[in-house]
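Quick notes on the structure that follows.
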Amino acid sequence: MGFCKADAATSFLRAARSGNLDKALDHLRNGVDINTCNQNGLNGLHLASKEGHVKMVVELLHKEIILETTTKKGNTALHIAALAGQDEVVRELVNYGANVNAQSQKGFTPLYMAAQENHLEVVKFLLENGANQNVATEDGFTPLAVALQQGHENVVAHLINYGTKGKVRLPALHIAARNDDTRTAAVLLQNDPNPDVLSKTGFTPLHIAAHYENLNVAQLLLNRGASVNFTPQNGITPLHIASRRGNVIMVRLLLDRGAQIETRTKDELTPLHCAARNGHVRISEILLDHGAPIQAKTKNGLSPIHMAAQGDHLDCVRLLLQYNAEIDDITLDHLTPLHVAAHCGHHRVAKVLLDKGAKPNSRALNGFTPLHIACKKNHIRVMELLLKTGASIDAVTESGLTPLHVASFMGHLPIVKNLLQRGASPNVSNVKVETPLHMAARAGHTEVAKYLLQNKAKANAKAKDDQTPLHCAARIGHTGMVKLLLENGASPNLATTAGHTPLHTAAREGHVDTALALLEKEASQACMTKKGFTPLHVAAKYGKVRLAELLLEHDAHPNAAGKNGLTPLHVAVHHNNLDIVKLLLPRGGSPHSPAWNGYTPLHIAAKQNQIEVARSLLQYGGSANAESVQGVTPLHLAAQEGHTEMVALLLSKQANGNLGNKSGLTPLHLVSQEGHVPVADVLIKHGVTVDATTRMGYTPLHVASHYGNIKLVKFLLQHQADVNAKTKLGYSPLHQAAQQGHTDIVTLLLKNGASPNEVSSNGTTPLAIAKRLGYISVTDVLKVVTDETSVVLVSDKHRMSYPETVDEILDVSEDEGDELVGSKAERRDSRDVGEEKELLDFVPKLDQVVESPAIPRIPCVTPETVVIRSEDQEQASKEYDEDSLIPSSPATETSDNISPVASPVHTGFLVSFMVDARGGSMRGSRHNGLRVVIPPRTCAAPTRITCRLVKPQKLNTPPPLAEEEGLASRIIALGPTGAQFLSPVIVEIPHFASHGRGDRELVVLRSENGSVWKEHKSRYGESYLDQILNGMDEELGSLEELEKKRVCRIITTDFPLYFVIMSRLCQDYDTIGPEGGSLRSKLVPLVQATFPENAVTKKVKLALQAQPVPDELVTKLLGNQATFSPIVTVEPRRRKFHRPIGLRIPLPPSWTDNPRDSGEGDTTSLRLLCSVIGGTDQAQWEDITGTTKLIYANECANFTTNVSARFWLSDCPRTAEAVHFATLLYKELTAVPYMAKFVIFAKMNDAREGRLRCYCMTDDKVDKTLEQHENFVEVARSRDIEVLEGMPLFAELSGNLVPVKKAAQQRSFHFQSFRENRLAIPVKVRDSSREPGGFLSFLRKTMKYEDTQHILCHLNITMPPCTKGSGAEDRRRTLTPLTLRYSILSESRLGFTSDTDRVEMRMAVIREHLGLSWAELARELQFSVEDINRIRVENPNSLLDQSTALLTLWVDREGENAKMENLYTALRNIDRSEIVNMLEGSGRQSRNLKPERRHGDREYSLSPSQVNGYSSLQDELLSPASLQYALPSPLCADQYWNEVTVIDAIPLAATEHDTMLEMSDMQVWSAGLTPSLVTAEDSSLECSKAEDSDAIPEWKLEGAHSEDTQGPELGSQDLVEDDTVDSDATNGLADLLGQEEGQRSEKKRQEVSGTEQDTETEVSLVSGQQRVHARITDSPSVRQVLDRSQARTLDWDKQGSTAVHPQEATQSSWQEEVTQGPHSFQRRITTIQGPEPGALQEYEQVLVSTREHVQRGPPETGSPKAGKEPSLWAPESAFSQEVQGDELQNIPGEQVTEEQFTDEQGNIVTKKIIRKVVRQVDSSGAIDTQQHEEVELRGSGLQPDLIEGRKGAQIVKRASLKRGKQ
């Protein structure tokens, strides 16, 4: 019986251990003691806890098993669960009240055990539930000590960080460095010898030690190899930190260990900057003594002396000056240290600087002097100091602001008083003629204004646009200021140039109190703007109801007629301000008031579909039948616009649907014209006549047939419209449809009974018309049904028949003060752009008009108007209004934006039209300004005139251009070529040349054959124009007008093949004969060439060219080293004269002012330079002073020469440098100036990041840029700006946008005329809470501190909202991780394919991932817009097809030059380097999936430089950007450091930088040598007769390794993912594809199963890799390439490659197998590293056996790795060490793996395998192709060696494999 009980107890324990709950409960029901235990004291709870059976544990606890029962070793269930890492069990036990700090016999706590085994989750849970990590073992060791000893860094970091103040999350070594804990640091370094481990913020422990001035740990780190110059991504080195902290000993230590003294942060700060900014004089001195660069500049141009001045560090300033720092050194913004001191108010520093000679009047880039800044910042002591030391009180900024302007705007009354007392003028004006009073009024500073008025400031002072201070005050609504100004004599009725009074301004802004104050002072309501708007009009326009109410209460006239007779009610209706309409109507606003064209407010409401407004107007008596001048009613307009609801409303209010206008057009006619069927339905239902005729007899069916509206034709026919109705010309609807070529309508009309044989009044049938006009389809339809006998012969000319239409317009101007700018600068017939849209809706569709010589003149093919939607229009006008109404501000000078407008649609030819003896003219549809005028009686016969553009590269011989000449226009090809006209014709060509400095002229070149070019001459001048026009009604602008529009007029009697405009320097020419003569320059009158008799033997044309040399250009380039005379050239050059000719050239300015000597030849500083190079070659200057005699007279030098050439005088004291200086200067002088515009496109990729595309273009081809097709939005367009050919253009961003700099990417590009000069700038938003906008400036030079910058263009940009679709960025994200996905493309794979297949495979990947970027790539590969559009048209449905077509086209074009490197470069340039990395980088990364970033790979994030130009005065007065920076500190939450992106650090615990860690109460080490290790409890049960059938083996591989995946004991899943960048299954690519496609042969399956007994296990382990290959092989293009090479890849070894089949691999690889136990699982990880020429190739295969083994040994034998069954062991360390980025060499490092298993005696055996390359073999010349193997074993056979602390043996094996190469 006792035996049965023992069996039952054992069976119960076995059930508890295996988790068989039912069996265990049965035993308990049968009376088994729940607390029974085995021979080691383990009860059911212990066993279930160890195995992790949560349900069993919970049930046992419910059954009241004793929770705190201990084993013989003193372990509770919590100890055992913690040791085994069973976190769920740990939670249950703790929740049931288990003692978290219970100690076993030797003092081990559960926390100690979990820390020892690296169970991080258990450690975290125990700590959170009261575990005390300071409870030590009997030996005095804490959990931290054992975790340190075991090298569990994550656990160490958590233990150290837990419970500390703040949220410190630094890695363990950093904590040790912070606490100067050398002992802990030493142990940590023993476990991981890398001392340069990075924190989350990118700092090393040495950085931390430097910050906390911990010298001991710093020395330890340096001794252990810490990099003293380690540079994280932000560029901050330990020396920077030590210099900032001020620890002299630390700085000396770092310098002694080789710290680089010139190292710079990402913002270019040196250690000297840091020391100077914090006032550390001693450190500054040490650094200077070690050679620190005293003039080093930060990114913003700050030098150390600026830093010291900013920090008010007097001693530092003195020290730097003592070491010869430049006292007036300047930043990028040209701020000197004195500016900085003035900005910060540091009086003492300013005094020292001034005493040492600083210039008190130095000007910043925007013209601010230190005095301006002191006045702005209200530093009165600094201001007084500056004035005492000579600062100019009248100094002005770039925009003309004096210190008094600045102080007045900022409202600093004491400063204002002081300045006025010191003699500043109260009425001084800036460039916009604004006084300080304007400034004070605009900013609302009443006290300042009052004081200025007391000091004789003029209350009515007028600015440039006649704005007074009262306008400024009224605009901001500052009633107090308004009253003050009115009390001091300000006139309330003074108007600006646009006619606005202060009351208009207040009305616009809606400032009621301000308006009331003005009205009380008798402000006139009758004053009108230039467009006739009263204040009430303005209030009505902007919807200011309260203000309109106030004006009406003060007797405003509600029906005052303004411009074009518009009343306030018209304006309110036009702007849809319903509240204003409802206010005006009861107050007497008349709904009947007509505008000049008879439109009532109801007409406007009807046209704009404003239902509520229309109801209000009708309610107050508005007539639904009111007629305009042309008889148009509101119903006409609503019907034409297609507003069904409005039509129904008007008809319900007695509108007459049959009422025609003056031409008889009814609403139904207009509906038929536009095709609005629903409106036609409403009209018919209300009884409208379906066959109403116009004056010319057109019915609605005629109109619908003419305009091709087939649905309406059907509708009218359904409602019994007369299908054969005739017009007065006898045209039926069938005639109209035939004339317009509408085949479908012709067919429909015939089906509905239209007679095809009807003839018009001149006897024409529809068939005859169709034939005459060439409509083949219509002819075919009509031919069948028309009676041929009725087709009468007609004359050649067909008279077109057009229905009438409405052609009146109403200008309800969107802008009461200024003209809106359209595509033309001039206005057209006083029409407003918005209303031209309305006009276009009424006029016939010109693109449907058939050309015919019978019509004398046809208007433009494409009317050159700009259509702006009403809301856009209002916005545009508002911006324009801002400029006219704002008191002038620097923004209006510096911002170069103009309103973006849509470009017109382009047709094929620029011009193409027929002309006969009556003449005609045509404007270009694409180029504004292009026009061809053929006067009457010029053509002998009907002629088609064409005009098109020609690319220079298409010409046989482009126009020959000297270096100072350039093409000013596109090359124009006119047709017919060689046409001769009876009298002159006129061609006007737009050009883009700038007159530069006034020294250039335009020349027309012509070519008859494309090879020879000559100057075009015409004997007809401008005076002949009227005679040439021959009575033609064509307006020709004057030469002045053409010059403004940049149009060149050519008068010619024939058409050559080509015309082109050339820009060159002005020349004065004449014909010189044997009698001699002279030429004098008109540009520089002192320049003269004299030709004596017989210098030439026959009459020849000679020219004299004089090019002035501006002094400022010489100064800018050369300083005061030399001065120059004008350059004088006799053309043609290189001509020899029979007698010497005389030349006179003015002397250089410096020589004229102060002749240095009267010497001659080489002794004089005056040098004569000459270049005899002719033609188009570059000038080569030489000094001919020694061989030419100069005679001085009247400030000129005279000399003679036998050869025509270029001559130049230079006054250069360094005579040897004269030629060099001249060459430099000449290069700048010869650059051709052009007028170009900057256009900016933008797109946001997400909320913070976006892209800008900047264009600098001459002719307007914006709509052809690729950005139009890629969801970019135009955000800015500049006015025309002068740029020079070849000029580098540098872009600078400021404001809330920051450029993101990529490696080797510059934000600059060069201007080339007639090219799309393009620059891509990736940007990110600095502050997402503010508007994503800023300023983009273009400069001639990069922002260096020494350059005085001239800003070419300053654009205000706002990024468009992010429109995320299935865009490129989304698509790119789905590709990650690319290196893992495309391991198929690594070198190891490609090595087995042919070169062709390799290229094709790569091309396939490129085209698959190019997506929308293909168009960018096309641009980068220099494909034209036409090519890109053709690709787009030919492949409309697929991006893949478009990418494929592009790459094919590129390969065809490049031929042999199509190199992958070129393609990679292009991909990088368009920001698609991830594709290149995917293709190129996988081979390099084969040793490590996630390599450490190289320390040198810093991605600098550029901070914006301040530019000259501000959006408003407030911006101009803001602190300069260069002063807005924070100081370096690695641990404080400083903005300076926080912008750094975190680089991939070693995967430690999450880290943050914060406060100091207190570790004084935390015991780490005790006196013991090393911490004791806990051994696991023996859970084996004694043998019994009862079968062990209760055990339920759980072979879950994932579960087996889940506990190892957290620490250094990486699970297999991690391993496989880490090694699959370049790895594959044993058989490589082909076998992998075979597995994926189910095509592997049976033989292969058998081979594999020989070594893999459970293939499912392998698949689950390598699942990441399997999925990768599944995805890539699903890709059709890659699959296609791979399939072609599959035959080869399946049999690599036959071709002498290095791969082996599985059986060979098994034989050649090392393996240890234990075949004990009933079940065997193998996990196989194979690494193939690609063949590199001449290098050793490694092939490694690891077989890991997983077994079940029930240990039967003595009770005391326990597994050291407690908690893991022997069957569930895993490798203790990763299979391969990660290699640091900087350590990646050709020779792989050692790789160490450890494996543990239990031998037959129950001992724990540890096998350690060291794999390393023994040597490298140069296989390039190897003949022997046999495989070699070297195996070295270390250790005494396989006899176990005991390892201290563990029972077991260590087997060390080194294996390497080398192979020859065929």
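Using N, Cα and C of the backbone, Cβ positions are placed for all residues, glycine too.
When the residues Ser813, Ser1438, Ser1776 are compared with Swiss-Prot, the one annotated as phosphoserine is Ser813. When Thr142, Thr633, Thr862 are compared in Swiss-Prot, the phosphothreonine annotation sits on Thr862.
In Swiss-Prot, the entry for phosphoserine among Ser408, Ser616, Ser777, Ser1560 corresponds to Ser777. When Ser18, Ser399, Ser1473 are compared in Swiss-Prot, the phosphoserine annotation sits on Ser1473. Checked against Swiss-Prot, the residues Ser672, Ser1386, Ser1579 yield a single entry marked phosphoserine: Ser1386. In Swiss-Prot, the feature (3S)-3-hydroxyasparagine is attached to one residue out of Asn101, Asn132, Asn1030, Asn1469, namely Asn101. Here the candidates are Ser801, Ser1511, Ser1612, and Swiss-Prot annotates Ser1612 as phosphoserine.
Note on the repeat 'ANK 23' (762-791): DSSP counts are 21 helix, 0 strand, 9 coil.
Here the Cα atom of Thr957 (phosphothreonine) is found 40 Å from that of Thr1396 (phosphothreonine). Beyond the ends of the repeat 'ANK 23' (762-791), by six or more residues, the same chain brings 729-730, 732, 734-735, 737-739, 741-743, 746-747, 750, 756, 798-799, 850 to within a C-beta distance below 8 angstroms of the stretch.
According to DSSP, the secondary structure content of the repeat 'ANK 3' (106-135) in residues is 16 helix, 0 strand, 14 coil. Around the Cβ of Thr957 (phosphothreonine), a 10 Å sphere holds 12 further Cβ atoms from the protein chains shown. The DSSP secondary structure for Thr957 (phosphothreonine) is coil. Within the repeat 'ANK 5' (170-197), the DSSP-based counts of helix, strand and coil residues read 17 helix, 0 strand, 11 coil. On the 0 to 100 pLDDT scale, the repeat 'ANK 5' (170-197) averages 78 in this prediction. Thr1396 (phosphothreonine) falls within a helix when secondary structure is assigned with DSSP. Residue counts of the repeat 'ANK 16' (531-560) by helix, strand and coil are 17 helix, 0 strand, 13 coil (DSSP-based).
All chains included, 11 other C-beta atoms sit within 10 angstroms of the C-beta of Thr1396 (phosphothreonine).
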